[in-house]
Amino acid sequence: MFPELGQVTLIIALLLSVLLAVVPLYGSLTNRDSLQAFARPLTAGQFVFIAIAFGILTRAFLIDDFSVAYVANQSNSLMPWYYKFSAVWGGHEGSLLLWILMLSGWTLAVATFSRRLPSVMVSQVLSVMGMVAVGFLLFILMTSNPFDRILPNVPADGADLNPLLQDFGLIIHPPMLYMGYVGFSVAFAFAIAALINGRLDAAWARWSRPWTSVAWGFLTIGIALGSWWAYYELGWGGWWFWDPVENASLLPWISGTALIHSLAVTEKRGVFKSWTVLLAILTFALSLLGAFLVRSGVITSVHSFASDPTRGAFLLGLLAVTVVVSLTLYAFRAPVVHTRATFGPLSREVFLPLNNVLLMAALLLVLVGTIFPLISDYFELGNISIGEPFFNLTFSPIAVAVGILLGVGIFSRWKKTDEGYLARKLIFPSIGSVVIAATVVLTMGTFDSPGFIGFLDDIQLWAFFGVLSASWVILATLQDLWTKSSSRHGRLHGLRRQSRSFYGMVLGHVGLAMVIAGATVVNNFGIERNVRMSPGDVAQVGDYQFSFASVGEREGPNFTALVARFDISRNGEPVATLYPERRRYVVQRNMMTEAGIDGGFLRDIFVAVAEPVDSNAWAVRLQYKPLVRWTWLGALVMAIGGFLAVSDRRYRIRDTATERKKASATPLPESRPAEAGV
Amino acid sequence: MKRILMFLPVLVAVAFGIFLYAGLGEDPQELESALIGKPVPAFELSALRNPDRILTPEVFRGQVSLLNVWGTWCPACRDEHDDLMWLAEDKNIPIIGLNYKDNRDAALRWLKDLGDPYQLNLFDPQGTLGFDLGVYGAPETYIIDKQGIVRYRHVGVVNPEVWEEKLEPVFRQYQEE
């Protein structure tokens, strides 16, 4: 009874979404307030019915209702309740329902926090979000109904959730990621609404900014969680695989990062409007493209849901309609007249678009790398395979360049920056970062050929530039903070005077530097050994001794495990004892490797036991991974920066009257560097 | 004039869309595998028919065989199935299946309904071996020699023409070694 009710609520939600997509928009175009007034109630109704559907599916999981096909495929009565709960979004149908729940949640949030916006804008934004909801609700109802029943032969028990996904990481990774993907629909809706009513101005950019930053923050956390999960759960010790699905989440992230910076220029200086609006459309389109790549089977990956061409075709259609309609609208409505350039060659208005150029290069690179199999097939280029080496080779220079440019850009000012001033500011970061990079490479690197030749060896050179770029960003940021916080009333007062969006920027940049530093150091100075070991054996990895002490067994809730014990010591001093496992899941009969990890701020020690090679010997993977945690911590710091920027006062004190005044007045007062937080 | 430039994004997007559409459901042919000349990656997977039996790359030792990647969710695998039956029954070619990202019950039902051309099947619901092999999309077929070394990769459906023109020469060559 309940599952059928779930389907009915989804149909009602669809009807409400159709109304939301049409009525307020029509009202705004014909100036009928009575019709526009429907926007908020319809948004609320849509959210409520989708939430009920989600609740019903969750209930089916928690009470083990295996008559529902999706539950029978994803769950099992032996699973602990929290995995039953997260299994709701463990497969295609449920994750799609979660996606829609979040979309309606974001729509509701826009309806709630937009009381001060002009009603025309609100109606149009909500209508556009309603259109997106219509597309996804049709998708779920037509191709991926989570409430389908297996009748009359109801299975006695479920097939169990894929053991890889029975993990805390999975409970929160997809929701975070989807919050990001779906969140970009708000920036998209604002862009479309602005194109429809022609209000593409600084006020529009200001309204879009907080939504974009929040979505970006969630996406950042989502990607980092995915990477962390792959690191400890897949048992390989890698933290980024350039897997198509990872790339699919990286694409909107890069584009969203560009959007955040471009929105800043549009808000502060009223320029690059057309580019910003195009980025908003692109970012959302890339989120949809990500969904398409994962679910269509066009490209396979570890993450792929069982592929289904019908779903792929539907999603491609949805993507096509979204992109073609919005870009056609863009072609007709986006302003072509460029605001006359009133900024010098070293101004912030130049540095921020330069950052966008680099980010677009990175985006293109990842996109081409991801769909390269399709390209080579299409143009019959033949036997070229592309993978990790391609990405590492091409991505590193861009990441380094982004860091260097960022360090310079921090000191630039709106309109015009004095060259001498800029050069003076850069003295300290230049010297400091060269010293740090040289120190790190010389102490951590191993040189086959001694001295200068060894230093020039390719890998060491990239390690040097990576560390240089990261320390350059951090030193420049610190110096900027130091300069801006000088105050007659003392340093503390100076620090307190800075806005939250400025601190958001600082954290965003420091986080990025941490990611660059972590990635560079772990990729260049990490050590990995695959050895065959029996209990009693000792292996040396860098400075560390890994001693395989013993093997035992353990019973888990739905698995049995072989547990190895490893004593790790460094130059004779005990460091840690690790218990890597090989788990055998009872229902699905899968073997899973559970790595033993001793984590630390500066390094991780990683032990994974793979297949037995003999009756009492195993293939063992031993790793020393310096700074690996910085990649995730850095992402977290960035995301916190994004959230902090949103809490800035200026987003809360919003008065439509001043917004309008600001929008009509083109020459904005020159911002002092202190409030030029981006 | 500048307005015309604004149509550039939509044109690029349409071109890209046509391109993606062409990729949908199409099988990319003949992608060289980085694994050619290397042993089958290490794995430990349960047998499809007998979950208690753990299979390792040892299953490839001692005979030249085909490794066929398939799943019940893959329509092209359905097309290919009759030809695999023909290979197994008329030509006596040993085929080892890799049941990829699939559901055990569905896979067993499929083999019961359509016949079973496989000597045995590796059950790989997570696609871990598929990932290590670099599987691009099912179906894919590999030729594995007597030492368990990957010798050839064919992406897409195997039919009598593909067999005679591409796979059989390689297969016979390694059989004679």
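Quick reminder: no glycine exception, Cβ is built from N, Cα and C everywhere.
Whatever TrEMBL says is automated annotation, not expert-curated.
Annotation source TrEMBL lists domain 'Cytochrome c assembly protein' at A:89-296. Feature annotation from TrEMBL assigns domain 'Cytochrome c-type biogenesis protein CcmF C-terminal' to A:316-649. The region 'Disordered' annotation in TrEMBL covers A:658-678. As annotated by TrEMBL, transmembrane segment applies to A:47-72, A:96-113, A:178-198, A:210-230, A:250-266, A:275-294, A:353-375, A:395-414, A:426-447, A:459-482, A:502-522, A:627-646 (among others).
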PLDDT averaged over every residue in the domain 'Cytochrome c assembly protein' (A:89-296): 88
Remote residues contacting the transmembrane segment (A:96-113) - C-beta distance under 8 A, at least 6 residues beyond either end: 13, 20, 39-40, 43-44, 46-47, 50-51, 53-54, 57, 88-89, 122, 125-126, 129-130, 132-133, 136-137, 139-140, 144, 146, 174-175, 178-179, 181-183, 185-186, 189, 211, 291
Stretch among A:395-414, A:459-482, A:502-522 sharing the most Cβ pairs under 8 Å with the transmembrane segment (A:353-375): A:395-414
Spatial neighbours of the transmembrane segment (A:395-414) far in sequence, C-beta under 8 Å, 6+ residues away: 268-269, 343, 346-352, 354-355, 358-359, 361-362, 365-366, 421-422, 425-426, 429, 462, 465-466, 468-470, 472-473, 475-477, 480, 509, 512-513, 516, 519, 670-671, 673, 676
